[in-house]
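Engineer: Sharing the features that TrEMBL gives for it:
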DOMAIN    6-122  domain 'Response regulatory'
MOD_RES   57  4-aspartylphosphate
DOMAIN    139-209  domain 'PAS'
COILED    254-323  coiled coil
DOMAIN    333-555  domain 'Histidine kinase'
DOMAIN    581-696  domain 'Response regulatory'
MOD_RES   631  4-aspartylphosphate
């Protein structure tokens, strides 16, 4: 029972008021009450007493229960209102309930305790539902940000093909703006003359829930482009969802290969014809015969060269087709991996709208939505990383890093997840703290270890996981050899080399494949090789696996301050800087709102700007600003230019760039413009807090 329950009793008869209080105490309620009789005292009690529930007589000297209810609705509509009266007529009861009164009780008091308890439970559920709806809205906003960041085209349509949503990637393919596309339907952008073919694709989606096929779309300037479509159907929404990849270049490559094969075949036929003509000529003089022999040998050599070229082209074609097959298999798996968490987000978002959910059910649904959102974010991050690797845009940023601290941080991060599966997590360090400081790319080492530990957790259901490193002084130069060992399902011998290749997942042929995009090991292999090391696996099917990788052991001779490598405890709110004056420069309203909520706990004042011009003026007018969170892609003046101009009169303010672009070159461009640091969208709150803590909490850490 609520010990702090406040009950406002509107009753002109003291005996009846005492009777109400005795009945509630007898039923186990502990409360504070205030009894009022007039309109004036009743109205003032809302501010002075702040009641949790109102129990009102219907017939009062100066006004009645209906008027009291209307006053309550204006001042505090969420407070339960129960009529307690022995003289109220049936018509008045019906009218009050129609207006929105919570309940009524006759003065025999038989139902009073039950009515009060039920009213309090209902208002508690309503408040919990509102809180959950607020949380749900924030998750949906994050989901929208993730869809915008994916490299695949995305569209959402109703059952008739009307476009309901598209992302920037598809706008880039088609040449249309988002506003233009939302006024069109799928038939307006399709370049297929056969309606039966389109109907067949739709029918397969309706029958099997998903379908993958090739098609053509028409861009805004009238040009056709080839696409590969992975489509699904959201049953609860009666909507179609599609991820689209532009395969125009791939189609052109296959056409060019076929043309070259035809040219080689034609040349071969021409040489055969020449040889046949020479064989039927009359005998000539010996000198002429010798010349013909030489000519034939030359022609034979040319034929061999042409055949060799033809064979090489056939091999190249087969490799292209194999790569295409693997990419198609990977895309099908990727389509499944994206649709699965999306189904969790949209499906449970729809279920949250049901009116009779308990608070426990709502929390369970929100937890599922949160888990699905992080799963989708991991998939998108993997796609961005492999895209940068394939495009040759990955850069190495060498800086001091304490390997021991990275090992300990990974243990702290993954320990709850491992223990939740009933397993144990161990780590091993071979160097003292000072010797563990090396010069390497800290982010790439963290990504490699994280991918390997995540894989170990994913494929292990019992036993333990152990990871760590040792120093290998026998190698030249000296290397650090890392390992991640598990007692999981193991890897078949014939798959142990293939798992490191791009677009190949170790379990992609299994009937019930494990979750995941299948990119973690290929990303890890690329990063290890970029850093000058190698990666391999030792595994026995059914007994577990051990992954190894090496990196050069480069140390710095002079001691450095290691404070910047310390990772703060995110559970200790006191470790974060307080009372900062912060400028948020961001043109997107939702992103501004999310940033404001994330940083308000330690800010004394937050200033907002919607473009670079406003950000520049805000900094000129507020020279005491401590921190600027600067979006890069803004109208009128972008974040790079705004930062350069701010640095002309303020060298000390901390500026953190934030953008949806995630390439190393984007980070370098932001730092060159004058930013102190860089964070990629979608922004994770803990990552942002750690970054801010790096610049404003060194005294506490020291």
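Cβ from N, Cα, C; glycine included.
Curation does not apply to TrEMBL; its annotations are automatic.
Could you give the neighbours, burial and distances for every feature on this list?
Structural biologist: Helix, strand and coil counts from DSSP across the domain 'Response regulatory' (6-122) read 55 helix, 24 strand, 38 coil.
Counting only same-chain residues six or more apart in sequence, the Cβ atoms lying under 8 angstroms from the Cβ of residue 57 (4-aspartylphosphate) belong to 10, 11, 12, 13, 16, 65, 83, 84, 85.
Residue environment of residue 631 (4-aspartylphosphate) contains 26 other Cβ atoms, counted within 10 Å of its Cβ in all protein chains. According to DSSP, residue 631 (4-aspartylphosphate) is assigned to a strand segment.
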Engineer: Take the domain 'PAS' (139-209) and average the pLDDT across it for me.
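Structural biologist: That region's mean pLDDT is 85.
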Engineer: Counting CB pairs under 8 Å, which listed stretch among 6-122, 139-209, 333-555 touches the domain 'Response regulatory' (581-696) the most?
Structural biologist: 139-209
Engineer: Tell me the residue counts in helix, strand and coil for the domain 'Response regulatory' (581-696), as DSSP assigns them.
Structural biologist: 55 helix, 27 strand, 34 coil
